[in-house]
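Chemist: The following block contains the structure, expressed as structure tokens.
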């Protein structure tokens, strides 16, 4: 399906504004879930590891379901998906206010809100890419700041709402705010196809491949009709034999016009059935071929050692790097830091510094003399050191400083697509990025519960954050070792072989004269 040329402006800026507010409204509460995490610990009295599953599911489910989210946006469009997902996020937040236990929150907040956020993220990125080409990087950078601003504001807002209205009232109000996503979604006007309407375009694209998809030898329509004719004739023989007891084959031949008409209708019916059977066979083989090609491309991706190291690094990074945004408030409470000493919530510091990190690291990635892979590795190594320093922070100032450093380095998400593109090439970016986001979601889901279980086991966060720092450091060194000897050669495209040429000598007819 071909769309009009991206306008790179005009209504596209309305799309950017709507997408920014959409990410602000839908990601504000899930990213600032650390404030709610403390209240849930007190309300339900469960362990830190079990309670951490709520926030980790809300962040991880959307990434785990990224292939499904992409399929929904491709099938129904960004506007419809945004409006539907707005209802999901708002409904999940409001439903969480009535949660009788922690298991109910796993579904209402973890799965419903998490899946809604995943759908909204895919929809906003897709519609923005359709409207922008030359300014696509700027547009995507602007909408990505919405989630960071949401984290900064919602951390303080949720604490204020809990103080005045309690935990249940806070979730109801935040859910009502999320309904504003519906207004943002209504502004996401899709680009129309360039020459004909969408149904006509799909129909024209599907027609050529219906009956000539594969080059291998297939049973044609006539063979299918013959098979059905034999089956039908056998059924007629059985019916006539059972009815009259006459085994003579002459009695089966048509002898009057009514029978002739019935035979003609039967042949037409058999032909239609044969055509549909043939089409279904071809469609099934086409789907199988697509699945086979997908598996072969996936195997080819993992043969690239830099890509294999990258998937390990992003998995370990999310296991170790995500827990601070969820648990930093509880870390401060465990360090006997009083809330009166908090001029600003630690999660808000992480949020605003993440936005700054995305902007600065994105600008650095545009410089040709900076290798984005080494830049990404540097952020992982420095983050691992900051994580290992958390157990030594016993005051608000040191915790705020470490929160700012961790937030800034978390902004390396803005350069991750650059690294992926250099590793696999632009042609395989969508496939590779989907695989990497799946493992990122898996790491997001597992990281906070693992840290919480360490606390339940040792009654301190020290070993938990040493483990987190080790995971991030290990991922960074694996990626560095895989890339050092071959970063300039693993992505070097081999020259395309020259097309084969064949020389044909025209036979002379003089010898036959």
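Glycine is no exception: its Cβ is also placed from the backbone N, Cα and C atoms.
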Chemist: Labelled transmembrane segment by TrEMBL, one stretch among 272-288, 289-305, 306-322. Can you tell me which?
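Modeler: Of the candidate stretches, TrEMBL labels 306-322 as transmembrane segment.
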Chemist: Are the transmembrane segment (463-484) and the transmembrane segment (162-183) near each other by the rule of at least 3 C-beta pairs under 8 angstroms (pairs 6 or more apart)?
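Modeler: Touching, no - the transmembrane segment (162-183) and the transmembrane segment (463-484) miss the threshold of 3 or more Cβ pairs under 8 Å.
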Chemist: Report yes or no: does the transmembrane segment (12-40) come within contact of the transmembrane segment (373-393), defined as 3 or more CB pairs under 8 Å with a sequence separation of 6 or more?
Modeler: no
